[in-house]
Amino acid sequence: MGTGLAIVLVFVGCCSNVVSLELLVRQFPGCGNIVTFAQFVFIALEGFIFETNFGKKKPAIPLRNYVIMVTMFFTVSVINNYALNFNIAMPLHMIFRSGSLIANMILGIIILKKRYSASKYLSVALISAGIFICTIMSARQMNVGNEGSEEQGFYALMHWLIGIGMLTFALLMSARMGIFQETLYKQYGKHSKEALFYNHCLPLPGFLLFSTDIYNHCVYFSHSTPTVVPVVGLTVPIMWLYLMINVITQYVCIRGVFILTTECTSLTVTLVVTLRKFLSLIFSIMYFQNPFTTWHWVGTAVVFLGTLLYTEVWSSVRAALRGPDVKEKKAE
């Protein structure tokens, strides 16, 4: 029952979150900071009440370790959302972030001295190729869409490349954070809800660096078109409604993933999250009419094929078809 509920929460919460984020970005492309800040405040407040019991519960993992983790988490979250200011389309944003397996493998080899099977290297090569195809096609669209002067086209392309560089950096930083988190959990045990709270609470002072931008977008949001909230009947500016939906759905998505990690294998979690990303991408393209060429579809298919190969879904399916008497060999 818990697993089924978690899968529903992940699909409904995360897909709705992508829709609300696209609605926000289409109106105000530079709203990444206020979105990130609102998400952090909501999750930190919920954790302060229900996880720490208003600060009475001491953390199981020392705070100094959380400070390191939080610095990385805050950097990744801000850069991922801020990259949308650099003409990064939502579909490309989602595809690029699907390349986390590449970063995890690279850093795993360098830092943890891990060795992987040939199928793992093949899957990462497929994911890299898929992301490369989508990125190149998006770069060509940038050139076509800026048919003004050569100088304007060059400036737009460089602006876009800065966004790609930010996403690449965030991808590597996120993988490094995952390795650090893995070592902490091995030493102190799993405390996912506690980590969720501190990862969102401790970075809040860092948003003072973006206070002017956040305040300006508060003003912009307040001057947006008024709309009536269903059921409640309250009239609010529509951008604040979109932001509220985004924050709530982000929390629902994170809670769903948390339940999955406690009740399912990592394979199941990865598969569910991958399928969720694919459905979010399809919905974003169809509903918002985002530009997506045949080559984009080829790149997307290659990315998800590589992801499924990495998670060894095919081996699990074959084992299930053979029957319960046949034990699947564990990969090293």
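Here the Cβ of each residue, glycine as well, is placed from N, Cα and C on the backbone.
Per TrEMBL, the feature signal peptide maps to 1-20. The feature transmembrane segment is assigned by TrEMBL to 36-54, 66-84, 90-112, 124-142, 154-175, 196-215, 227-245, 257-275, 295-313.
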Stretch of maximal Cβ-Cβ contact with the transmembrane segment (90-112) [cut-off: under 8 Å; candidates 36-54, 154-175, 196-215, 227-245, 295-313] = 154-175
Ranked first among 36-54, 66-84, 196-215, 227-245, 295-313 for CB pairs under 8 angstroms with the transmembrane segment (154-175) = 66-84
Hey, which bits of the same chain come close to the transmembrane segment (36-54), Cβ under 8 Å, at least six residues off its ends?
-> 77-78, 81, 193-194, 196-198, 200-201, 203-204, 207, 210, 214, 243, 246-248, 250-251, 254
